[in-house]
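Take a look at the structure below.
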Amino acid sequence: MGEESTTFSDGDAIPRVVIVDDHRLFRSGVRGELGDAVEVIGEAGDVDSAVHVINETRPDLVLLDVHLPGGGGVEVLRRVLAKNPGIRFLALSVSDAAEDVIGVVRGGARGYVTKTISGRELADAIVRVADGDAVFSPRLAGFVLDAFSATDAPPVDPELDRLTQREREVLRHIARGYAYKEVAKELFISVKTVETHVSSVLRKLQLSNRHELSRWATARRLV
Amino acid sequence: METTAAETPRLTRAVEGRLLGGVAAGVARHLGIDPVVVRLALMALTVGGIGLAVYAALYFALPREEVEDRPEGSEEHRRKGRDISQIIAYVGLAAAFGVLFMIFGGVFDPLLWFIIFGALGATILWQQANPAERDEWMASTVSRAGPKGLMRTGTGVLLIVIGVIGFMVFQQQLQDARAGLSFALTLLAGISLVAAPWIIGLVRERDAERRERIRNAERAELAAHIHDSVLHTLTLIQRRAEDPREVQRLARVQERALRSWLYQRPADAETTVSPALERVAAEVEEEHGVPIEVVCVGDCPMDDGLGALLRAAREAMVNASKYAGGSGISVFGEVEEREVLVFVRDRGEGFDLEAIPEDRMGVRGSIIGRMERHGGSARIRTAPGEGTEVQLTMPRIPEL
């Protein structure tokens, strides 16, 4: 999927983005904050219209709210990815509930950020995800560390069910509030390597069907 | 019965969807027909005398179907519940047929058929009552009385009426003496069969109403809460609009309050580390108005050393709030097997650690000293322009 000749991070192109959120006020706010960094080619306020707009416009990236009328962000992911597996999603939410966060990432989103994120950081995250990398907020990194360590049971598939020492180290730095660049400097590796580690964690998070993962998310259900 | 070689499952005793031994379900799956058909056939054979023998033979002859572990869940519970009621229904039906055959001495007695008509009608009416329950689970908008429903209800009533009247007519002709009693009983039974579904419907409606009332009460409580807290804060924010710092503080305080109200953690804030760390961060944030993001991994019970760790972390957060500048503070707490780590990081100016005079370091006494007194350690990493990170480590007291 990452074989396209243009990369957005090099400034070759501006990512075409669809914003999906049920608050019109928030959509226009994000639009304003992002400014020229992205081209917003569509908006939607519920699951059905989101699926329609996304399949119609085929954006580089969808900014997806976790809570949506009509089934939530997970439902949008399910319906769009079945048809257009190449479209990338960045989840955006006010909810810090583990179930929501893990759910939307396991549903196929390549990153998760909270709505309090600054405009500049959001633009960075969009470019990164549009390029096929993964974006973890400190909180998501914490959740993943927690989920993958919260077990005594032997992993079903060691390849998918366990984080490597290096991946844990990268996640711990992200949880401590380090940006990718800072993590790279700290661990004496390149930013590209950090990105590779995070993408690999994302893959494990999405593909591991270890029982603990879902059980953990349910146990952390805070309601 | 279609048996396409490619898709026919092996003849086994089913585990999923079984009622007793899984014989009927297994056979039905093998033949590709509804298990109800197989069960009714087995039942008929049982009334005829050989059904039980056939069932037992199949039970011991067939291997058990292999299934993977199913996750526990309400789905299975519900299925189990339905199983028992189905078993009762089949046994009841078999017994009823047996008794009827015994009383009437064969399938040719017209009385038997009127009774069966009546029973059939009643069944259809009962079925009509059931979808109401199912609809309630699936959607609230499905209307109960479509044209199809009306037709079924009509058929049910008609069958019952035919059954009752036919029964009475033949009863009078054949046995005048018992007619009076039978008349009353049969009429009563007929009426109650017709009326029962509607009575049940009424009861269900009342339940639904009660649930709606509870929901309304919850909504009212939520509205009250939002009025007391959120609206109040929004008013304050409007009045303090010229002070962005204060506005941000108010918004953060309200956000945290609402969040904890919505996603309340069951854990007690005083007895384990991670909620305690979050509480400390919330306090510092409220006092100093600098947003603090807390991420915690793992948890463990509090002890003296960890109390000191939290006080040191608090001191570090206060320092960070003072010197961090506008940008936020990241706090990361990690409970490991042997130790608990807390990182407090700001993105402020940073400073030259060496350049600070020995005597005026709140850092040295309240953070490093405190940690060392309790057997832990503290490291401060900073450089001009790179922000500051305080790393606290406290060994855990091994649990007994």
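Just so it is clear, glycine is given a Cβ too, placed from its N, Cα and C backbone atoms.
Features reported for this protein in TrEMBL:
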type	residues	note
DOMAIN	B:10-65	domain 'Phage shock protein PspC N-terminal'
TRANSMEM	B:40-62	transmembrane segment
TRANSMEM	B:87-105	transmembrane segment
TRANSMEM	B:111-129	transmembrane segment
TRANSMEM	B:150-170	transmembrane segment
TRANSMEM	B:182-203	transmembrane segment
DOMAIN	B:309-396	domain 'Histidine kinase/HSP90-like ATPase'
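For the transmembrane segment (B:40-62), the residues of the chain that approach it from at least six positions outside its boundaries are 11-13, 21, 23-24, 26-27, 90, 93-94, 97-98, 101, judged by C-beta separation under 8 angstroms. Helix, strand and coil counts from DSSP across the domain 'Phage shock protein PspC N-terminal' (B:10-65) read 34 helix, 2 strand, 20 coil. Taking the domain 'Phage shock protein PspC N-terminal' (B:10-65) as a whole, pLDDT averages 77 in the prediction.
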